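Participant: Here it is: the structure, laid out below.
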Amino acid sequence: MSEAGEATTGGTTLPQAAADAPAAAPPDPAPKSPAASGAPQAPAPAALLAGSPGGDAAPGPAPASSAPAGSEDAEKKVLATKVLGTVKWFNVRNGYGFINRNDTKEDVFVHQTAIKKNNPRKYLRSVGDGETVEFDVVEGEKGAEAANVTGPDGVPVEGSRYAADRRRYRRGYYGRRRGPPRNYAGEEEEEGSGSSEGFEPPAADGQFSGARNQLRRPQYRPPYRQRRFPPYHVGQTFDRRSRVFPHPNRMQAGEIGEMKDGVPEGAQLQVHRNPTYRPRFRRGPARPRPAPAIGEAEDKENQQAANGPNQPSARRGFRRPYNYRRRPRPLNAVSQDGKETKAGEAPTENPAPATEQSSAE
């Protein structure tokens, strides 16, 4: 009986196992659907699927639970908020330093990325040595770190004195520095029509609807050139020709010359407005020489006759050579009575001794 019972039990168990097999067969298409989509996955055993009906959902929530875990790791744990402290030191080049808390006197690491409100005039984020700041304390990898660093009551930090400053006029630097106040409409009405440089403002504003700078530049450029160098450009733009003004020194020199040399009165000087102009040197009129005396005129005639008719006068255009030695004067010296003897004539006193010598012989 036991064998029969076993056989029966075995017979009964076989149909039950066969019945269990078709019952386990329907869950097979569910795991095969990913394989049909193209992912090469092996079918899971039926015993696992049948024995743990909740096992289908177990692998699904696993990645969902891992995402919050990663976000929690990214967010650091906040230890304290709105803590006041004094900057112990901060290196601008390396971008980190330490802040000493005022409550616990503990040094907290601070990085330049933790500065929330930087000085707008500074290029790099930084905090100055000895500056009082407000920050949050979070737990970092190696200890306490500062986050959301600002000035007291949330104002921007002062920054380190070693951090580079921004340029004050980056856009339109040259135009804003020497430009007038921004009253473009008034300037266009006042100076647009009477511009001395011939500039005409645009007629229709619709043509430049989107270009704001193109409307600004033509309107206030002409006043710049007039206001930049007012004393120089006013004299140059209206009248660039040289004017003639009477010079006081020349007037005095003219009066003196009229008294002495006969220069006409009212001598004028040509004055230029250009301050760098230097007038050229001009030789004045030749001075009239006084007429020579009668005796001097006769002497000149005698000298010309002695030198010869072809030779030019010795006084005008004569220049002694470099290696010239003075020769003794010819025997045409002036006599005591004031008359000259020519070089060809022999003196009257010399022949007398000659006749005496011949008679003695």
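Backbone N, Cα and C define each Cβ position, glycine as well.
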Participant: Annotation phosphoserine per Swiss-Prot: which of the candidates S193, S242 has it?
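Facilitator: According to Swiss-Prot, the phosphoserine annotation belongs to S193.
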Participant: Check S126 (phosphoserine) against DSSP and tell me helix, strand or coil, would you?
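Facilitator: The three-state answer is coil.
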Participant: With every protein chain in view, what's the tally of Cβ atoms within 10 Å of the Cβ of S126 (phosphoserine), excluding that atom itself?
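Facilitator: The Cβ of S126 (phosphoserine) has 26 Cβ neighbours within 10 Å.
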